[in-house]
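The following features are taken from TrEMBL:
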DOMAIN    A:2-80  domain '2Fe-2S ferredoxin-type'
DOMAIN    A:140-169  domain '4Fe-4S ferredoxin-type'
DOMAIN    A:183-212  domain '4Fe-4S ferredoxin-type'
Amino acid sequence: MGDVKLIIDGTEVSGPSGMTILEAANETDINIPTLCHRPDLKPEGNCRICVVEVEGSPRLVASCHTPITEGMVINTCTPKALAARKTVVELLIAGHTGPCVTDECAKDCELHYLAAELEVGPPRFQVKARRSYPMETLSPYVQRDMGRCILCRRCVRACTEIAKKNVFSMAYRGFHSKVVVDCDVPLDKEECRDCGICIDYCPTSALTKPNKGVS
Amino acid sequence: MPEKKILTKNCGKIDPGDVSTYEAEGGFKALEKTLRISPEEVIAEVKASGLRGRGGAGFPCGAKWELARKSKGDEKVLICNADEGEVGTFKDRYLLQHDPFSLMEGMAIAGYAIGAGKGYIYLRSEYHYLLEGLQKAIDQSKEKGYLKDLEIEIREGAGAYICGEESALMNSIEGKRGESRFRPPFPPESGLFEKPTIINNVETLVNVPHIIQNGSEWYGAMGTDESKGTKLFCVSGDVARPGVYEMELGCDLKELVMDLAGAKEIKMIQVGGSTGGIIPSDMLSTPLAYETILGSGAVMVFDQTRDVVDFTYRTMEFLNEESCGKCTPCREGTEVMVGVLGRLVNGEGVDGDMEVLEELSDTMKLSALCGLGQTAPVPVLDTLKYFRKDYENRISQSVFLRSLKTVNG
Ligand SMILES: Cc1cc2nc3c(=O)[nH]c(=O)nc-3n(C[C@H](O)[C@H](O)[C@H](O)COP(=O)(O)O)c2cc1C
Ligand code: SF4
Ligand code: FES
């Protein structure tokens, strides 16, 4: 309990200043779906799944990085917010070359769960060419299939912030943005050992342990 | 309403390579006046004038400065946004080229008001040829003692449209990938290198000496209720006399493009650049102001020979190419839109294409991280609103073409 008071879905909530909307909601057991955010990583706000409606704001607000302010009135499940979340999931599904729905590893895919939770229907959107890259199998510790990547950048942050290795970074722009190693070479680096942290943080099957994931 | 030359009064008159010619026109008098009053009084004057940002978003300038002034922090930063990446915008170049000293004076006053010791000019890479002249203007102003408290450094961009967006611009200066940051915190609270930062467009800063010199009352007498002063308009496209026109805000679009620039047989006009709104020919008597339509001041005229769907496709191709790639709605949304519009242009449209564009637009407008993704759907929605028939025709043509193919096997 803290000094900033606000209302989330009709319930009065309070928290210390600096707390995010997502944290405040979680404390009162209000569930807001997230994808790019993890409680132990710095928020980045790139996926836009966690958007909510804040009274007085013309746009939706991402709850994972927006701090609470006194008197805020937040609604997490309005038709606008739900429609935006659904569209975002559909867009992510449309853009990547995932094994979704049919394949085994879809069972572990967070995107797949989200699609089910948000009741995403048949695909409305189509891209000219889905992202597709050759499988990277050089490293004995991490196998990368970047066509399955949904650009949440959790691996980048986990490697930097938790493993303190900085193996990954972002390259290219727009739709062609990609998580890369050095100047976009297949992963095979001295620093990268068997910590496996990036694999744990990857929501899809883009990063797997060699021979264990589906290859 | 004829042209009203205030910001451009020195252009063509002074020698942009010689500070004494600027002084001879009364230059740096406003700075002298500034230094005799307190920073708070300067901010109050700018606030009272009603000056709003000329970079596109139109945020009240004085209010922004006040936030930075009140922010805690020993070091504060002033950035002049000279990235001018908006399609069809070339007013900042005109000012930088013909009167760089007005910008020096504006920056010196802004620096004093917010308490910044360090200033940057973020220069568009395509304006590399202006670098030397600009550096000379800094050096000469410094020699004369006008920049005692503000050290100005020029930083060049590398050709990305998104780096004109304030948070991506700061990332770029910091040496990071040019992509947007989430807000809050807003720059006046925590900006460049986490220091309180003010980012203003070139034209905004060039307004400041005139406000200080002549007073907010004089300034406030020009324009409309919510749009004070004059504005530089960049007229381009199907016109006889393209160029920069300085007009009082609230002026008539028709007068600007037809009487002054000599446009004929207009089909539509895009105001504000690639993400700007569309004005069809039967709405030409729209006043140009923040209340109605303005953006960066780009006014691109399209005549009857132009195709609306082609135009929308090309615009979306640009925005898709320039999306930074950080957030889903813009990165994936513009890609899907380019696909749909591209099919329409190539005669491969299907029923439901317009609905897909509209549904995507909603999500992008509401949930994209920065201004690019939030406003990318504007030309799509506006053309769908005013030229829906053009889209319908494209789709029925596509259906017809496909039926021929089936018949012929
Ligand atoms: C995609 C994008 C591109 C932008 N490009 C520019 C630009 O080239 N020049 C500019 O002054 N402002 C640009 N802006 C607006 C800036 O983010 C910012 O609002 C402005 O520099 C603030 O200055 P002002 O208040 O003086 O207008 C851009 C905004 C967006 C979203
Ligand atoms: S709206 Fe586009 S440009 Fe802005 S953060 Fe999102 S991807 Fe980047
Ligand atoms: S979880 Fe908040 S933007 Fe991704």
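Glycine is treated like the rest: Cβ placed from N, Cα and C.
Residues 35-36, 38, 40-42, 44, 46-47, 92, 95-99, 111, 130-133, 177-181, 186-187, 189, 191-210, 213, 215 of the same chain lie 6+ residues outside the domain '4Fe-4S ferredoxin-type' (A:140-169) yet bring a C-beta within less than 8 angstroms of a C-beta in it. For the domain '4Fe-4S ferredoxin-type' (A:140-169), the model gives a mean pLDDT of 97. Secondary structure counts, DSSP: the domain '4Fe-4S ferredoxin-type' (A:183-212) has 5 helix, 2 strand, 23 coil.
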